[in-house]
């Protein structure tokens with residue numbers, strides 16, 4: 001009996017030891033101790049306990065000071081900055097791209113931060129159409145639809161105007177304010193279209209797309225026409241971005257000799273000019289940075305700038321391809337828009353989108369996404385310097401996330417675009433930034449050789465497609481919440497976690513316009 005007990009105890013000890021060894025192995029695998037980087041030198045102050053306490057004290061003091069006197073002035077002006085596809089991971093990676101994780105992207109300095117839920121009525125992972133409807137009109141919609149409620153299904157050939165939902169741009173116009181939009185995408189693209197358009201299909205940017213969908217362009221008005229002909233679009237004082245080809249017929253050529261895409265024989269840019277002439281207004285159309293710089297804002301009533309046949313170039317590509325003297329940056333357009341809209345004593349609403357962060361992520365070209373995010377932050381900083389926190393509310397957010405993540409165990413100031421310092425279990429390197437899916441799979445896996453060795457790849461090239469787990473020609477959006485940053489009147493409303501559709505309600509309340517004006521809220 002004693003012998004049996006000893007044997008059982010011995011085996012029990014072996015099991016316990018094995019479990020302990022396994023736990024230790026798992027701990028080492030989950031939290032490896034890597035070799036210190038020879039390139040890393042700690043900042044002297046960061047070695048001192050007092051430095052971190054002083055830093056925390058400064059942050060705490062700022063927050064306490066902010067809560068002593070809430071800014072409850074009425075917002076004369078509201079500017080909504082939209083980083084398309086700018087996930088929280090994108091912002092964090094941009095800090096590292098700027099040089100160090102202790103950096104702050106400018107709008108991270110805003111005093112109030114929240115998170116918004118981005119899902120569509122019928123889809124968990126949203127697109128830029130239904131999200132634009134949410135953050136501009138206060139109504140959640142179905143995937144792929146713009147400016148209509150969820151009674152409308154994507155691609156419906158006939159929609160009733162009763163399903164149309166108004167944007168904060170329209171609320172501003174009805175209150176006597178001016179409204180405008182700026183984007184690095186086409187001005188007819190999903191996000192900016194949310195300011196003025198109502199369509200069941202986001203791709204209906206010109207009449208040819210409606211015909212391709214087997215619907216009638218006589219029954220359905222394309223987005224470019226709505227911008228020029230319908231009341232909200234027609235009264236936008238500033239329209240700047242890309243997409244010239246969507247306004248002209250295939251038989252017509254633009255200023256650079258490129259043919260249009262329309263099939264109805266229309267030149268909507270000429271129509272826009274004629275409408276302004278009939279209104280007795282000074283409407284200025286420009287198609288280059290030179291034209292924008294030469295525009296006398298003081299003598300201009302309406303400004304239409306279409307600077308490319310389609311989307312504007314990625315910000316980094318502007319430098320690499322010498323386009324910076326030909327087409328304006330997001331900051332250039334933002335500055336001109338604020339100067340233009342500031343002429344109205346009643347104030348304004350301005351929508352500013354960095355549209356190509358999203359497109360770079362779809363291509364798994366992370367460097368371009370970070371370059372565009374950095375320029376986006378510069379445009380926000382410019383806007384904050386040009387305006388007064390006492391009367392101008394600036395809100396910065398994103399429509400949806402992407403699948404990019406920051407992984408491995410990179411050294412503190414290691415180039416975020418490089419390879420992780422630790423090898424994978426197959427003894428091959430992997431990139432610090434990677435995607436759950438997308439074209440970067442071609443840099444990840446080979447049918448013939450298995451996982452690809454990136455030891456000699458130039459991952460810092462702007463054209464490098466970062467590793468992806470699942471092969472897709474275009475990387476997908478993500479479904480997690482996105483950040484909302486606020487500075488100015490009623491900035492404190494934007495804290496917490498809330499529906500994306502609450503964003504225009506809070507902006508409208510701050511400006512006392514539309515269905516969420518103070519008197520209308522009290523009536524309910």
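Just so you know, glycine gets a Cβ as well, placed from its N, Cα and C.
Packing around residue 128 (active site, phosphoserine intermediate) is summarised by its Cβ count: 26 other Cβ atoms lie within 10 angstroms of its Cβ, all protein chains included. Sequence annotations record features per position, and here TrEMBL assigns active site, phosphoserine intermediate to 128.
Sequence annotations record features per position, and here TrEMBL assigns Mg(2+) binding site to 84, 189, 191. Within 10 Å of the C-beta of residue 191 (Mg(2+) binding site) there are 28 other C-beta atoms, taking all protein chains into account.
What TrEMBL records for 84, 358, 362, 399, 400, 477 is Zn(2+) 2 binding site. There are 27 other Cβ atoms within 10 Å of the Cβ belonging to residue 400 (Zn(2+) 2 binding site).
What TrEMBL lists as Zn(2+) 1 binding site is 353. Note: residue 353 (Zn(2+) 1 binding site) has non-local neighbours 81, 82, 83, 84, 181, 182, 183, 184, 185, 191, 192, i.e. same-chain residues 6+ apart with C-beta under 8 A of its own C-beta.
Here TrEMBL flags 1-20 as signal peptide.
Listed in sequence order, 85, 402, 438, 474, 475 are the same-chain residues at least 6 apart in sequence whose CB falls under 8 Å from the CB of residue 362 (Zn(2+) 2 binding site).
Residue 399 (Zn(2+) 2 binding site) is surrounded by 29 other CB atoms, counting those within 10 A of its CB over all protein chains shown. Look at the binding-site residues 84, 358 and count other Cβ atoms within 10 Å of each Cβ; 84 has the fewest. In this structure the C-alpha atoms belonging to residue 477 (Zn(2+) 2 binding site) and residue 128 (active site, phosphoserine intermediate) are separated by 10 Å.
Cβ proximity to the Mg(2+) site centre (mean Cβ of 84, 189, 191, cutoff 8 Å) flags the following additional same-chain residues: 82, 128, 132, 183, 185, 190, 192, 353, 355, 358, 399. Residue 189 (Mg(2+) binding site) sits 9 Å from residue 128 (active site, phosphoserine intermediate), taking the Cα positions as reference. Residue with the densest Cβ environment among the binding-site residues 189, 477: 189, by other Cβ atoms within 10 Å.
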